[in-house]
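Here is the structure we will look at, set down as structure tokens.
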Amino acid sequence: MKRRSCTDLTCLVIFLLFIVVWFSLGIYALSSGNVKRLLAPTDSSGRKCGLDADVADKPFLFFFDLTTCDLDENRCDTPQVCLEKCPDTNWRFDTDQPLEEIRKKIICRPGVNVTHKSVLEIEALINVTACAPMYFKGKSIVHRCFPLDLGTGFIDDVIIEKIKKSETIIKTLAYAQGVFDKVKSSSGSVMGIIVGGAVMCIIYMLILRWLAVPVVCVTIIAVCGLLICLACLSYQSYAKTSSALWLITMIILICTVLVIIIVTVCMWSKVYLACQLIKEASKAIMSVLSSIFFPIIPWLFQIALLFYFFYIVFLFMSIKRQTFAIEHSPNGFPDDCKCQNFNYTVKSSCDPEIFNSKCEENGGICVSTVCRLQKENSPSAIGLAYFIHIVGGIWICIFLSAIGDMTLAGTFASWYWTINKHDVSFFTVSESLWRTVRYHPGTVAFGSFLLTICRLFRLLIDILEGLSEDNSGDCCTGFVRCIVPCLLALLERFVKFMTGNAYIICAIYGKGLCDSAGEALSLIMRNLARTTILNKVVGWVLLGGKVLVTCAMVAIAWAHYKSQDDQFWWAPTVLVGVGTFIVASVFFSVHSMAVDTIFLCFLEDSERNDGTEERPYYMSRGIAKLLTKT
């Protein structure tokens, strides 16, 4: 364990150079992007409401005619202006209204002044969409003003039907806002329940040290019981709502219970052996108790990386180039708009500042012809930046996880190769971490790069599948679409399996990735039956523990949020489920790595030694008795 040298230095150099490029892109994004600009609405003149200087005090966007918005095309062909606040009353232009009231209430495009306009002149401005003919009492949804009440008491049915066309947009954004508000208001309780799940994981792992078989049996029964309870709750929701979603959920839960029962009954002898192996692994964990909490460190780094990754993505998304074009207003007289030294035509590009300063109509701003924002596009180089950023995010995330795996492998290998287990150092985890970071970051970078390539290929296939418009195709096309993702998934699992075992051999002997992987593969192939049976069953048993903890926390969240009687109760419940499963996976990964390391060490020990005084076994009697049965 002590005679070591740096491994896979070439890969480490490449990794460090890539990190420099990756962070350089991050610096560019930080200097060029602005997340606030991504979230802020944009008016027809390309100004960001609440951010740009001339609309800094107007954070809300108002649509003249919401019915022109197209969700599929992601655009609204109607004038949009920034306001200080959304309308708080219903109003419709009427020539019989007092002139001063019209001037006070009407909403017009920037630069259009109605202070000295007559009723007929204001009506003409409305006809050329320079001013809004009506508006409704609104609510801000993501800083966009949407009507709350269509005001059937003062507008005719034709207009009501026209406005109702925008109902889908309003409901979609309102629902999204409701989900966001619910998650925001319940974030504290969500974190509390997830922390409770973490405590439950720790208690569960400690109990395995003495009561592995009973705990696993209780886990299997409890998981089945919880899944049955969730199936009953799903049935109750299905009976109330008749939603197919709840029916499908109930069927999936019941099928899962049946699969668990069948697998447990058919493989009980192997489950028992797996329990004993987990018990031995628990001894190693108890000897080095800090190993339980060590995965929190790389996990926190991964969370920080995740925040940074998505923050830079949002910054890239905010880097836009605006395209403006000349448009003629309906019912207008384009020839009335005169521009100095410019000959604008319809759809020709323009600059709104130059257009507004050089063009005028009847002594004022042009209303018959306008320079309007058409779209916002990302620069062409941003595509390459996205690719590099995604590769870097995946690579570094896997790298951090692999650092944790090799550290734990070194920890449990040190425990195994110590004859007197009481002599294991208190700082075994920190010593293993130092060895990993000092000598083997290149090996970890190499292994994580191989996994990154697999992930990228799978991601590319998913993207191409999503972009494909022809989802029917012939049988051959359907077969290829089915088999390629499956093959890539199998390849990724194989690479993950090989790199994981290579990290263990590297932690023991300090060899490079290729040599370690070759030795691990050779060792496994010589003991294929043992490896397949025990590792798979152990993985299944540990999965049961994760499912138990997750189901328990989801049941608590379900009962807590469902009692609050609102339609968004599911959002924090889903967050609790996902968060608890991730936390449980982090803690149970310690047990998984302990089992894998001890098992490989046993195989190596049984081949290198024969139990004599000259070559004594390092394995405990419990491990020897257990694994010789297999």
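For all residues, glycine too, the Cβ spot is worked out from N, Cα and C.
Caution: TrEMBL annotation is automatic and unverified by curators.
Look at TrEMBL and you will find 12-30 (among others) tagged as transmembrane segment. Under 8 Å from some Cβ of the transmembrane segment (12-30) lie the Cβ atoms of residues 6, 308, 312, 315-316, 319, 385, 388-389, 392, 395-396, 399, 441-442, 445, 449, all in the same chain and six or more residues away from its ends.
The transmembrane segment annotation in TrEMBL covers 190-207 (among others). Same-chain residues lying 6+ beyond the ends of the transmembrane segment (190-207) with a Cβ under 8 Å from its Cβ atoms: 183, 215, 282, 285-286, 292, 545, 548-550, 552-553, 556-557, 560, 572, 575-576, 579-580, 583-584, 587-588, 590-591.
If you look up TrEMBL, you'll see 213-233 (among others) marked as transmembrane segment.
Residues or ranges marked as transmembrane segment by TrEMBL: 245-272 (among others). A Cβ distance under 8 Å defines the sequence-distant neighbours of the transmembrane segment (245-272), meaning residues of its chain 6+ beyond its ends; these are 213, 216, 220, 223-224, 227-228, 230-231, 234-235, 237-238, 533-534, 537, 540-541, 544.
What TrEMBL records for 292-316 (among others) is transmembrane segment.
Feature annotation from TrEMBL assigns transmembrane segment to 384-417 (among others).
Packing against the transmembrane segment (437-457) from elsewhere in the chain are residues 4-15, 390-391, 394-395, 398-399, 401-403, 406, 488, 491-492, 495-496, 499, 502-503, 506-507, 510, 512-513, 516: each is 6 or more residues past its ends and has a CB under 8 Å from a CB in it. Summarising the annotation, TrEMBL assigns transmembrane segment to 437-457 (among others).
For 537-561 (among others), the entry in TrEMBL reads transmembrane segment.
The annotation transmembrane segment is assigned in TrEMBL to 567-590 (among others).
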So which of 292-316, 384-417, 537-561 has the most C-beta pairs under 8 Å when paired with the transmembrane segment (213-233)?
537-561
